[in-house]
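Residues or ranges marked as compositional bias 'Basic and acidic residues' by Swiss-Prot: 10-20, 575-584. Residues annotated as domain 'CBS 2' in Swiss-Prot: 699-763. Sequence annotations record features per position, and here Swiss-Prot assigns region 'Disordered' to 1-41, 79-98, 553-584. Summarising the annotation, Swiss-Prot assigns transmembrane segment to 129-149, 184-204, 250-270, 279-299, 314-334, 350-370, 388-408, 433-453, 457-477, 502-522, 523-543, 726-746 (among others) and lists sequence analysis as the type of evidence.
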Amino acid sequence: MSSGGAGEYNEDRHLLRSTDGDEVGIGGGEGDLDVESQSPAIRSGAGGVRDLFKHIDRRFSLSGRRLSFKRMENIRVDRERHNPSSSSAFSAAGEEDGGGISNLHSVDDRNDEYGFDEEVLGDSAPPEWALLLIGCLIGVAAGICVAGFNKGVHVIHEWAWAGTPNEGAAWLRLQRLADTWHRILLIPVTGGVIVGMMHGLLEILDQIRQSNSSQRQGLDFLAGIYPVIKAIQAAVTLGTGCSLGPEGPSVDIGKSCANGFALMMENNRERRIALTAAGAASGIASGFNAAVAGCFFAIETVLRPLRAENSPPFTTAMIILASVISSTVSNALLGTQSAFTVPSYDLKSAAELPLYLILGMLCGAVSVVFSRLVTWFTKSFDFIKDKFGLPAIVCPALGGLGAGIIALKYPGILYWGFTNVEEILHTGKSASAPGIWLLAQLAAAKVVATALCKGSGLVGGLYAPSLMIGAAVGAVFGGSAAEIINRAIPGNAAVAQPQAYALVGMAATLASMCSVPLTSVLLLFELTKDYRILLPLMGAVGLAIWVPSVANQGKESDSSEGRSTGRGYSSLSPSERKTEGVWRHTDNADSLELTVIENPDHNSFLDEETILEDLKVMRVMSKNYVKVSSGTTLREARNILKESHQNCIMVVDDDDFLAGILTHGDIRRYLSNNASTILDENTCPVSSVCTKKISYRGQERGLLTCYPDATVGVAKELMEARGVKQLPVVKRGEVIHKGKRRKLLGLLHYDSIWTFLRDEMSRRRSINDRRKDKEVGTNGH
């Protein structure tokens, strides 16, 4: 930590540590680290917009700057190219101080020595007020794009099903099959063919992009074309009636808007997560006209799986602003009506609560069947492609054909907006509404058709199908329960109408299928605006979430360690967790909305950067360090250093709080500057010699520390940027305001990071190999 080696010592140009003031350590949350000198960026600009953000940042940004791995490597290479001899001397001098505890110069010294301009090194993310403004812009952009997407779906639907009334499925069910079979069968197949052809186009664009990756400068226009094509695929899928929903694509549109703004700036991982969360919230808010549910959706699918404590403190404000603005824009363009009309219903008594709990478990069981069907269909289509050598574009056509065949018997499985859901919600109140027995068949058919469409590669979401399946299951359960109880107790009217159970079933199925319990509860509450439904709703949702976790517990135990985020809780693809790429083409086209189906990309969790971003400092730090009290003499400290073979000693005060750090370099500088005698060593306390504070850019700051819940990637970048090899780990939150002291927990060694990284990569590679062997044995090919 202290610098070593010979030469004149300048206290203002050494040992960048900071724990004082508002800049106490790293790890997000309270007291984010100050990394004012940590963002050298040797990257090409991407046009006037990015330059504007950079200019704003240089003038106003005071915090939140990080150094990426690739930038550090670029700077190191450029330094060696500019002055190889100085670089070698610099490294040698750094090793002189007891095993290379730190380098001789601070970052500012290196900038001067190697000719780096401070304006270049100041390049980083915009300030908080600018990001809040960007959150508003994301809301506007997402609202406009989602409205355009919905208009496109309606245009395609009206053209494909011309002459069919708005009630669609109910009308088709009442017609003679001989008059309608060709349309029911051929229209979804046509949609599948178009989607499959566009899959082929995406593969061509992916190959072009990879071939030009080495020559790419500035903005990647192919990356902007990709989400547009995906939105068109989703519009065609839904417009031709295939059994999926529009909310997943709406969320993807919001995420794409956020990615577009993120690519215009130099952003760290946490700010990308914040922008993605704002995009996800705006997508679901504009899709459902439910701003509150959009906020909770972002929290559940983005912030929760990616450690919300590492996100910037203004993330929640960004999410709320984006959600409200996108919902407002969507209202202005599409109207203020809700996604579907909630019928009148009545909750009879609290004695029905056990029935709602049973319904929750039933919905959970349905979601388990559905998720396994999706996996089975996906693997089946992959097997067919490999076995018969079929191109990937054929699979969506087969999915459309399967949906059409099912629709010949049950036309209610076709996507027709939310008219099918409204028809179910009016069971018993409308002559055209299906009966209980037909609803049971329709629920089963919808599960199979949706899993088939999703597994075949058709593009769409699961929210709308989940709501329809849940409504059907709830209506069947409520109607059956009422009939059984009325037969057992004649004249008893203590059971609510099927509409109440249908509403609760919708939320429970949605929560279980997509792992969004809070979003489901808030969404239904926003739609019904009835507080009475919350108690049965929350009970049913809780059990609906519990059933899949129990059912999948055995299956996940073998593979959970092989996935960096765990089952079903991440809204970001592995490639998006890195600081570099956000454009990735995958065959299964999972959207943000689909959180329960496992992402098949297992290569990213073996990536060095991904592992470092997933690991916490507490797993790598060492608790085997030497500490002495501040009253220990310098002679005693020197003997302890020699006997313990340590490079540094942690100095603590009488209350065992971190007071400073003592290195061989500190001792040599004290002895040379003070011409001290043996008597001085025997009487001088280490508190007078150790490093306690540093002056950096005209400000006096304390020791540089980190928190145990910080990511190893952030700590590594900080150590590289500040030229230190050890970093004290202190307890978060226990700040003694008088002196701002911290409780010492451990010591993070730079060399230990690489040792742990090698071991972790080996462990994950072994898990991945076992998983692949198991899959081969299961699939039989």
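Glycine too: its Cβ is placed from the backbone N, Cα and C atoms.
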From the DSSP assignment alone, can you count helix, strand and coil residues within the domain 'CBS 2' (699-763)?
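Grouping H, G, I as helix and E, B as strand yields 25 helix, 22 strand, 18 coil.
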On average, what pLDDT score does this prediction assign to the domain 'CBS 2' (699-763)?
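Overall, the domain 'CBS 2' (699-763) comes to a mean pLDDT of 76.
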Taking pairs 6 or more apart in sequence, does the count of Cβ pairs under 8 Å between the transmembrane segment (388-408) and the transmembrane segment (184-204) hit 3 or more?
yes
Would you call the transmembrane segment (314-334) and the transmembrane segment (129-149) in contact, using three or more Cβ pairs under 8 Å, pairs 6 or more apart in sequence?
yes
State the residues, same chain only, that lie 6 or more residues beyond the ends of the transmembrane segment (523-543) and have a CB under 8 A from a CB inside it; answer 'none' if no residue qualifies.
288, 290, 292-293, 338-340, 342, 347, 350, 352-353, 356-357, 359-361, 363-364, 500, 503-508, 510-512, 517
What else in the chain is close to the transmembrane segment (279-299), if you only count residues 6 or more beyond its ends and a Cβ gap under 8 Å?
138-139, 142-143, 146-147, 150, 246-247, 250-259, 308, 319-320, 322-327, 329-331, 334, 336-339, 463, 516, 518-519, 522-523, 526-527, 571, 592
